[in-house]
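Working notes for the structure below.
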Amino acid sequence: MMDLISQDKTHDESRQGEALVLDPIEGKNNGRKLYIESYGCAMNFSDSEIVASILSEQGFKTTGDFNDADVVFINTCSIRENAETRVRNRLKEFKVAKGKNPGMVVGVLGCMAERLKAKFLEEEKLVDVVVGPDAYRDLPNLIDQVDSGQKAVNVLLSREETYADINPVRLNTNGINAFVSIMRGCDNMCSFCVVPFTRGRERSRDPYSIVQECQDLFNNGYREVTLLGQNVDSYKWAKQPHPTLPGGEGFEEANEQVSPTGGDLEGAVNFAGLLEMVALIHPDLRVRFSTSHPKDITDEVLYTMARHDNICKYIHLPVQSGNSRILDLMNRTYTREWYIDRVDAIRRILPGCAISTDVITGFCTETDEEHKETVSMMEYVQYDFAYMFMYSERPGTLAAKRYADDIPEEVKAARLTEIVALQQKMSHLRLQQQLGKVQKVLIEGLSKKSKDDYCGRTDQNAMMVFPKDDRFKPGMYVNVMAERCTTATLMGTIVD
Ligand code: SAM
Ligand code: SF4
């Protein structure tokens, strides 16, 4: 995998394998130590917070050192083969630690659970417990089962589970930005992708619980939420009794609290409605979202973004390929022309909006000519950032069943190198276009390179570094004049 730019926080390379630490709550497992590390997308990191929350209710406390842990969990990603390889290597290290501490429980969570449960549990004997992404509520029982000397598995996928009522613990954060999961699973069946198999059917979370979580975050000092889903544009929630209130009481009350012009709680709430509901919490709460699907992103969403200054003008719109035949084989259900129409709509309705993307090189049967159409698409859109990958065949997917993975690795790699170089130029160009302009920046903290500088993001998600000024603290907004840039960062000074 080659991530050119790490500004799309949906998959943050610097957080891969990060361990999560929280304060203990008294309970049955009082004193037992949990170690949990996460791989993959932001959804996985967000799930680890749900797991930690469930187990802290049982009295577990967390540790940042797996050698010191009673329970070691690894939250896994299956999206490409190298993601799985990374997890396997880590499990071997845990096996060594377990050799020294035989009472240690080792578990695999998340996307690799279903596909590799037999291998992990029986063949390789690497783990004691395997739990899929919809079964985290069952973890306390499964740990009990392991404690009584058995192996434990629950990889059942659910059509309902959204963990809406679980208040995720916020860990390893700067107290300013938070991810909020608005839906789970995916119904799209892109032919290259394992997500529909590992995470199950798409389901949307109750908008009231989403607004409540964002409101709580704002009250606790957070100033930016990123609404997460595999395809946020297909978010849809139909009116039903509020699950946490007996007999649905409180539904009208909830309406009154959160209902804005776009939040049609009488009928269904779509993504545009939800965005508006969250944006109306407070003008100082920035709202971002990821991921948009080109087939589903509507003008209604774009006009909602235009109406609210606090909905950031940044859209992650994965193209995957610029060629219609390849898009058809990928089962993306849009054409090159459709994608261009959506980009044109963004440029028309939201001038200046940043656009980022995902691209796959060397998908089955892709010719040089077809690859050139991806290149020309990148030149047309002038993406601000891009995540670029070589195609990695995943067992069980439609592409693995139907098409030969017939593009040689060196061709995939050469095409990737070409587009990575192109994107580097485009990213630089897009940042250069910001020079001489004043940007509203949310201060996130000190710059990694110098404690004399602050860093924060512009509305368009570009990282800005500027000299620290004691009048302003992290979590505050400042106007910064962009004066210089590298290929990935703007540099400027406060002009307030
Ligand atoms: N739901 C999002 C969408 O449809 O755009 C993307 C989710 S996926 C976790 C993130 C990215 O991983 C995809 O956009 C795609 O570019 C890449 N990806 C997924 N499966 C892949 C595969 N088999 N080989 C290479 N890249 C893959
Ligand atoms: Fe995978 Fe496609 Fe769903 Fe994205 S939309 S998660 S690429 S199946």
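Note that Cβ sites are derived from N, Cα and C of the backbone, with glycine treated the same way.
Note: TrEMBL annotation is automatic and uncurated.
In TrEMBL this protein carries:
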BINDING   Cys41, Cys77, Cys111  [4Fe-4S] cluster 1 binding site
BINDING   Cys186, Cys190, Cys193  [4Fe-4S] cluster 2 binding site
DOMAIN    176-418  domain 'Elp3/MiaA/NifB-like radical SAM core'
Filtered binding-site residues, from Cys41, Cys77, Cys111, Cys193, whose Cβ is under 6 Å from an atom of ligand 1: Cys41, Cys193
Cys41, Cys111, Cys186, Cys190, Cys193 as binding-site residues, winner by CB count within 10 A: Cys111
Sequence-ordered binding-site residues from Cys41, Cys77, Cys111, Cys186, Cys190, Cys193 with Cβ under 6 Å of an atom of ligand 2: Cys186, Cys190, Cys193
Cys41 ([4Fe-4S] cluster 1 binding site) and Cys193 ([4Fe-4S] cluster 2 binding site), distance between Cα atoms, whole Å: 14
Any further residue of that chain within 8 Å (Cβ to the Cβ centroid of Cys41, Cys77, Cys111) of the recorded [4Fe-4S] cluster 1 site: Tyr39, Gly40, Met43, Asn44, Thr76, Ser78, Ile79, Ala83, Gly110, Val195, Thr198
Secondary structure of Cys193 ([4Fe-4S] cluster 2 binding site) (DSSP, helix/strand/coil): coil
Mean of pLDDT values spanning the domain 'Elp3/MiaA/NifB-like radical SAM core' (176-418): 91
Rounded inter-Cα distance in Å - Cys77 ([4Fe-4S] cluster 1 binding site), Cys190 ([4Fe-4S] cluster 2 binding site): 17
Nearest-integer angstrom distance between the alpha carbons (Cα) of Cys41 ([4Fe-4S] cluster 1 binding site) and Cys190 ([4Fe-4S] cluster 2 binding site): 17
Three-class DSSP secondary structure - Cys186 ([4Fe-4S] cluster 2 binding site): coil
Between Cys190 ([4Fe-4S] cluster 2 binding site) and Cys111 ([4Fe-4S] cluster 1 binding site), the C-alpha gap once rounded to whole angstrom: 17
Cys186, Cys190, Cys193 excluded, remaining Cβ within 8 Å of their centroid ([4Fe-4S] cluster 2): Asn188, Met189, Phe192, Val194, Val195, Pro196, Gln230
Cys111 ([4Fe-4S] cluster 1 binding site) and Cys186 ([4Fe-4S] cluster 2 binding site), distance between Cα atoms, whole Å: 13
